[in-house]
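What TrEMBL annotates here:
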BINDING   30-37, Gly91, 145-153  GTP binding site
BINDING   Thr37, Thr70  Mg(2+) binding site
Amino acid sequence: MRAELRVGLACLTELRMSSGAGSGMCLLLGATGVGKTLLVKRLQTILPRWALSSRDGKGDLGDPPLTRPTVGTNLTDIVAQKKITIRELGGCMGPIWSSYYGNCHSLLFMVDASNPTQLSASCVQLLGLLSAEELAEASVLILFNKMYVSESDLPCYMTIEEMKSLIRLPDLIACAKQNITTVEISARKGTGLSDVLRWLQDTHRTNG
Ligand SMILES: Nc1nc2c(ncn2[C@@H]2O[C@H](COP(=O)(O)OP(=O)(O)OP(=O)(O)O)[C@@H](O)[C@H]2O)c(=O)[nH]1
Ligand SMILES: [Mg+2]
């Protein structure tokens, strides 16, 4: 095995071990390009003012920073009363998402609300997650991202109600073992991000 590859694998293993126990672990999953990396960057930006002021985190966020497709995993610590470690797994890692289910207290599952053609694939992914034994105890927040909130975000071709009904979300919520909440956000514009932080804080208050 090449030396660089060995070092890379060793670092990965160390990261996986050090980030599990003792911290609230939150998995952030969703298809490629739905906006997971941008969400994490935005949460980091609004966190200081959200924590200091009225917990609304509003304000102009400016142009979104550039993101690249995540090939692998990104770990980010968010301190909202407790330390919460958000682990984003790239959409292209879908076939091995399940190796990261252990130690997970909460799950953020993101859907691109502006891309109806991806909806059925996202629904299949969500069903797989909800039926995974290791995630049975996790609280789940489904994020409908890229919601059309102003001229500057993308138009959504379906209403949120149509999307929820297409993936039979009410039935999923009724049958799932997990506690499931939904939120509409725009990582680009910043709408709904304070709701995400509030959910993370409440969900990790008692565990992790
Ligand atoms: N209009 C709009 N674009 C967004 C929004 N959120 C993310 N994007 C854009 O969508 C593209 C993909 O975003 P990423 O955050 O890299 O997507 P990802 O889910 O991390 O993708 P993978 O890492 O490949 O799984 C980028 O160009 C983002 O700027 C949003 O709320 N509105
Ligand atoms: Mg990413």
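Positions of Cβ are set from backbone N, Cα and C atoms, glycine also.
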Among the binding-site residues listed here, Gly30, Gly33, which has the most company in the form of other Cβ atoms within 10 Å of its Cβ?
Gly30
Since the record lists Thr37, Thr70, Asn145 as binding-site residues, which of them has the fewest other Cβ atoms within 10 Å of its Cβ?
Thr70
Check the binding-site residues Gly33, Thr70, Tyr148 for any whose Cβ is under 6 angstroms from an atom of ligand 1, and report them in sequence order.
Gly33, Thr70
Roughly how many Å lie between the Cα atoms of Gly30 (GTP binding site) and Thr37 (Mg(2+) binding site), rounded to a whole value?
11
I'd like to know which of these binding-site residues, Lys36, Tyr148, is least surrounded, judged by other CB atoms within 10 A.
Tyr148
Please report the DSSP secondary structure of Gly33 (GTP binding site), reduced to three states.
coil
Indicate whether Asn145 (GTP binding site) is helix, strand or coil by DSSP.
strand
Determine, to the nearest whole angstrom, how far the Cα atom of Lys36 (GTP binding site) is from the Cα atom of Thr70 (Mg(2+) binding site).
9
Taking Cα-Cα distance, which of the binding-site residues Gly33, Asn145, Tyr148 are within 10 Å of Thr70 (Mg(2+) binding site)?
Gly33
Near ligand 2, meaning Cβ under 6 Å from any of its atoms: which of the binding-site residues Gly30, Gly33, Thr70, Asn145, Tyr148 fit that description?
Thr70
Measuring Cα to Cα, how many angstrom lie between Thr37 (Mg(2+) binding site) and Asn145 (GTP binding site)?
12
For Thr70 (Mg(2+) binding site), name the DSSP secondary structure in the helix/strand/coil scheme.
coil
